[in-house]
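Taken straight from TrEMBL:
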type     : residues : note
COMPBIAS : 712-730  : compositional bias 'Basic and acidic residues'
DOMAIN   : 526-697  : domain 'STAS'
REGION   : 701-730  : region 'Disordered'
TRANSMEM : 83-101   : transmembrane segment
TRANSMEM : 113-132  : transmembrane segment
TRANSMEM : 167-187  : transmembrane segment
TRANSMEM : 194-212  : transmembrane segment
TRANSMEM : 242-261  : transmembrane segment
TRANSMEM : 273-296  : transmembrane segment
TRANSMEM : 405-428  : transmembrane segment
TRANSMEM : 435-455  : transmembrane segment
TRANSMEM : 467-494  : transmembrane segment
Amino acid sequence: MPPPVLTHFPRSIDILLQLTQKLVHFSAIMEYIDSAKNALRTDFTWNRVGHLAARGARAFPQASVEYVLDKFPIIGWLPRYNYRWIINDIIAGLTIGLMLIPQGLSYAKIATIPVQYGLMSSWAPSAIYAFMGTTKDLSTGPTSLISLLTAEIIEALHGEEWSPVEIASAVAMMMGIYGMAIGFLKLGFLLEFISLPVLSGFISAVAITIILNQMDSLLGEPNVGDGTATQIRDIFQQLPQANGYACAIGFTGILLLTVLDQAGKRWGEKNRIIWFLSITRAFIALVIFTGVGYAVNHSRGASENYLFDVAKVQADGQEPPKVPSAALLSKVASRSIAVFVGSAVEHTAIARAFAVRNSYVTDQSQELTYFGVTNVFNSFFHAMGVGGAMSRTAVNSACNVKSPLSGFVTTAVVLVSIFKLVGTLYWIPKATLAAIIITAVWPLMSSPRVFYGYWKTSLADFISSMIAFWVSLFVSTELGIASAVGFNILYVLLRQVFATVRSLPDPQSSTSSELPLPLSVPHGDIPSHVNLPPDVHVFAFTDSLFFPNAYHAKHAIIDTVKTLHVPIFNGSCGLEQERQWSVTGEKRIAKLRRQAGITGGTHLPPIGLLVLDFGRTNHVDVTACTHMKAMVKEVRMYGGASVEVRFANMSEYVRQRFERAGWTLVDGWPAGSDGGSQDGNKVTRVFDSLVDAVVAPRQLSTRLGTSGSEKSSGKSVKEGREKVSMREQV
């Protein structure tokens, strides 16, 4: 029998082996953990994610408060509201309210829902906009574009268990959901994928479709079918059956509206009575012909005996709210995308245009947030979708409106009409509504000259506009805008696939090769010995400039100019006491200056010369050329008409695109010139190099010196420029 020690020895060996294996495994695990830690410490992407997460966590409390405040701009501008503005706002609100009554009824007719629901769609948007809007001019409510696209969805779902009003409300809710999603997440840039040529063709086709849809009411013709080709055929075939009374009412209405419109354009600035009659022409026509309709038809008994058709408005005030059916929402979800895209682009484009015209800044993402909120709210009250309208916005601006508070007056006018005037509106002739619609949408059509301009500038832009126009006109608006956008995306991809490679030296080029350039002067850079005056700013585009990035590039330039340069004093962007009602632009520039480490701002130099370097740009389109024109206009509004704009390193292809888009480009100053010509606002000078563009004599005598305080200003700006260099590389 072996000793006890020998008996337990094998077991001890096993235990030791197991412990050794565990230690080896533990050591391997520790090595793996150390390797992972080292990878995390040295991995650039993880470090960047961690840096951004920490930065976001630190900024979250303050950013959350700012985000919430930004959703209600009234908090910023109401405390400094000038009581002297109240008269302007009341007049503007009354005027827009009087316009909304006939337009609301007319656009409900386009949407193929009972016309009284046009009024029910019009009272809430103006009041909500007073809290959430970022422009003083924009007027929201039913529009011809939204009405037509809604009518197409109603027609597609015709015969199912839902009424036209329920379908229109469901479309409004889906528009609102899409708008809130993009607005709250600040994804407004996604709408820039709709190029200007596509938008022109699409809206022109919509205008023609609306006019054709109104011809049966205008002429009193029965049984006009659907579809552009069918409508054109039926309208001419049934001319012998046209109602003469309806024709008289309709064409007289068009004549009255046109005469008042032209009179306002010609004499409105000199005579306030003519101006007021012009801007309220739709309401005047409504009153006159409603009286005619009542006078000739109220004693004729049943509606079948009327001399001409009337609107038959019937309502007992505002109906109680109701949530759209979930099943119906799922039906209209995909179809509502085209309605949202078209109306949202129209809404934001109108807001931007009038903000530039009247020297204030709008927030595109906030406008989309408002767009979403008001459409969701409207959908509960049996209303159709709403958005910004060009005609009402133009009138609002012409009334010299001072703030969005005018929306409360507009809301009051519409509510009075809903509760007190519905019985009277029963007698509106359908031909009069058709006349109001036709005269309102006629200006939306782009002239042939516009499409010819696309042809001259770019064949691809012309084709995309034609696809949007013809497909929207003869197939469907939804497919029209989708196919045009699809063509643009395909064209962009094909340009990347078939990218050209240029050899150096180029035997086809008359210019010298870049190869012999000294290494101390890299292509597109300014050598250190060139002294950049403080009123000069240079921007270099790092890629092609076309419809997806043109709007962003424009605003990157404008933001940087406003961050690093002071404006001229013109009453809109000058001293503190001269500020306008809007605080959106001021808050944005203050934030950008904080990020650039600039305090105060009074020491900053003005902007005198803007140089755009196109050395890395091999393609531009119509949208880019248009946005660059708008950029130059805004910079000159900020810095003065004497601001000079120069181009550098522009290829012949890009130069031809700009010239075909309407730019007047001339070569840089001749040898020995002193820069005394005063044509800075008429032509843009092009230089072969960035250095030449910076050091060449100025056209206008606005160049700053570089001594004394200006040198110190330049030094302070230089530090800020280093912090905004990412924005400068547009």
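In case you wondered, yes, glycine gets a Cβ from its N, Cα and C as well.
Taking pairs at least six residues apart, the transmembrane segment (467-494) and the transmembrane segment (194-212) share three or more Cβ pairs below 8 Å and count as touching. The average pLDDT computed for the domain 'STAS' (526-697) is 81. Here the transmembrane segment (273-296) has long-range neighbours at 95, 98-99, 101-103, 105, 249, 252-253, 256-257, 260-261, 263-265, 267, 307-308, 310, 395, 398-399, 424-425, 427-429, 431-432, 435-436, 440, meaning same-chain residues at least 6 beyond its ends whose C-beta is under 8 angstroms from one of its own.
Only sequence-distant pairs (6 or more apart) were considered; of these, at least three Cβ pairs between the transmembrane segment (435-455) and the transmembrane segment (242-261) are under 8 A, so the stretches are in contact.
Sequence-distant contacts of the transmembrane segment (242-261) (same chain, at least 6 residues past either end, Cβ-Cβ under 8 Å): 217-221, 277-278, 281-282, 284-285, 288-289, 292-293, 307-309, 429-432, 434-436, 438-439.
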